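Report on the following structure.
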Amino acid sequence: MSKKRTVLAVVAAAVVVVVGLSVGLGIGLNRQARREHRVGDPCEPVGPPVGSGGPYSRAAVATDAGRCSKIGSDILEKGGSAVDSAIASLLCIGLINAHSSGIGGGLFMTIYDKETNTAEVINARDMAPAAATENMYQRNFTLSTLGGLAVAVPGEIRAFWEAHQRHGKLPWKDLFQPAIQLAEEGVCIAGSLAGAIEEKTVDMKRPWSGGIITEQDFRDYVAEVTSPLNITLAGGLTVLSPPPPSSGAVLSLILNILDGYQFSPSSIDGTDNQILTYHRIVEAFKFAYAKRTELGDPNFLDIAELIRNMTSGDYAESLRRMIADDTTHDYRYYGPSFVLPEDGGTSHVSVLAPNGDAVSVTSTVNLFFGSKLRSRSTGVILNNLMDDFSSPNLTNSFGVPPSPANFIRPGKRMMSSMNPAVVVDGNSDVRLVTGASGGTKITTATAYVLMQHLWFGLDIGPAVETPRLHHQLLPDRVDTERSRPFQPEAVLEGLRQKNHVIHTAGSAIVNGVSKRGDVINAACDSLKGGFPVGF
C-alpha cells in the first residue's frame, strides 16, 4: 500500500470511530443520565463484578472503564497482541471518557516484548503547527485553552498505526469494530463524563475558530519510535519509561533517590517510621520536580547529559545526601531553574498479554474536552495541548520564570507529566505495568503505587487505593487527596513538625497489572469507576 493510501486508510478508520462517537453521545446522554450519575459515580452497576482484579493465570487489562477493559481482554482472547488490546481499549476509552482522551489528542506508549527481552516507546505527543510562534498567546492567554489556536497537531491515530504495523496481529479494522458497535448502540454516560459535559457546556456551545493547523502539518507528523529510559533498582527490578518530553526521567529520578533508603514493609510500620518515610518521599518528589523544569523536546534541546543524570544512581545519591531527615526546605534549596505549566487530565491503559508482552499507554486531549472544539468535517474532539507549552514573560506567583526549554517552536512537542511504565524482573518477566492520569500528579502517583507495591509489600489493589501524598515543588505544599483522606492524621502532624505545609487537593487515577510468579492481579482506581478484566 502506498504511503498516501495508508494515510487515507488511517484517517478513514478514525472518521468512522468519531462519527460513531457523536452518534453514541447523542443517544447515551440524556437528562436522566445527567441527573442520576454525578461526577465519580460509575455508570456500571455499583462496584466491579465478582472476580474482577484476579487472580488470573494468563492475562489482564486495566482501563478507566470496565467495558473498555473487557474489550481489551476479548482482543487478547482472540489471539490479538498486547498492542492490539491497548489500541482497542483506547478507542473505547475515547468514546466512554471522551472528555479525557481520544484520537484528537496524543499519547506515550511503552511496549515490552518478552520473546526478545526488548522494549520501545512510541512518542505520539502532540506537535506545534508549522505556523506556531513563541509569542502567539501574549495578548490573550485564553487562546491557548479555548478554540482553534489551542489545538496542537494530534498524534494518536499515527501512534496506533505505527504500533500496529510493528506489533499488531489482528486485522486493523477489527480493533475499531468494538468501539464502533458501542457507538452505534449508544452508551451509558458515566458520572465523570456527564459532569464534564455539564461543566463545559457553555464553552462547547460557543467554539472559537481561527486554527492554524494545515493538511501539511498532518502529513509531516511522525509517531517517533525510541528506546525507553531504564533504571535498575535493588532486587534486580528494571523500570522502563518514556524519555522526554514525557516525565519518565522524573519518575526515574524519584525512584533512584528513594532506592538508596532500602525501603521495606517495616518502613511504614508505626507512626514514627511513616513520618520519616513519607518525609523522604516528599523530599525526593521536590528534587525531581526541580529538575523537570529543565526538560523538553530532545529534538530541539541538548538535554542528553541531564537525562543521564536523572537516570544515574550516583546523581541520585548526591541528591539523597541533601535530604535532611528533620526538616524540609524553601523551594529554592532544590534548585528549580524555571517553572512549567500545569497539564490536564488523561486516560491510562495497562495490558499484560498471555505471551508475557506488555503495553503501558497514557493518552490525553489535555483539559476536559480539550479545546472545546469539534471538527465539523470529522466530528473529532480536538485537544488544547498548546497550553502545555510555556510562554515568555509569564512568571508565576513565586517569581520563577517560565522554562525556555518548553517554549513554542514549529514542530516541537510540549513537555508532559505522562510516564507509562513497565517493570521487569531479573528473569525478564513483567512484574508490573502501570501509569496514571491526572495532570502534574501523574508522576508522583505512579511512583507512589510502585513503592507501595514493590517496596512496602501491598497487593496491587490496596497499592492503588492507598491515600497518596503529592508535591511538585511549586506551589510549595504537600497535597493530600480530597476523595481519599490520608490516615493517620498523626503522620500529617509529624510532617507539619518538619515544616511541611499540608493542603487538600484532587487525585490522580492509577491503573495497574502485576504479576508475581504465575499469578496475575490487576486494579483500577475506584475514583473513576473502572475495573480490570482478565482470564
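Cβ from N, Cα, C; glycine included.
As the structure is a computational prediction, the values presented were derived from the model and not from experiment.
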Of R67, R125, R139, residue recorded by TrEMBL at the L-glutamate site of T364, V365, N366, D388, S416, S417, G439: R125
Largest tally of Cβ atoms lying within 10 Å of a Cβ, found at which of the binding-site residues N366, S417: S417
Integer Å distance between the CA atoms belonging to T346 (active site, nucleophile) and S416 (L-glutamate binding site): 11
Where G439 (L-glutamate binding site) falls in three-state DSSP terms: helix
Nearest-integer angstrom distance between the alpha carbons (Cα) of V365 (L-glutamate binding site) and T346 (active site, nucleophile): 7
Rounded to the nearest Å - Cα separation of T364 (L-glutamate binding site) and T346 (active site, nucleophile): 4
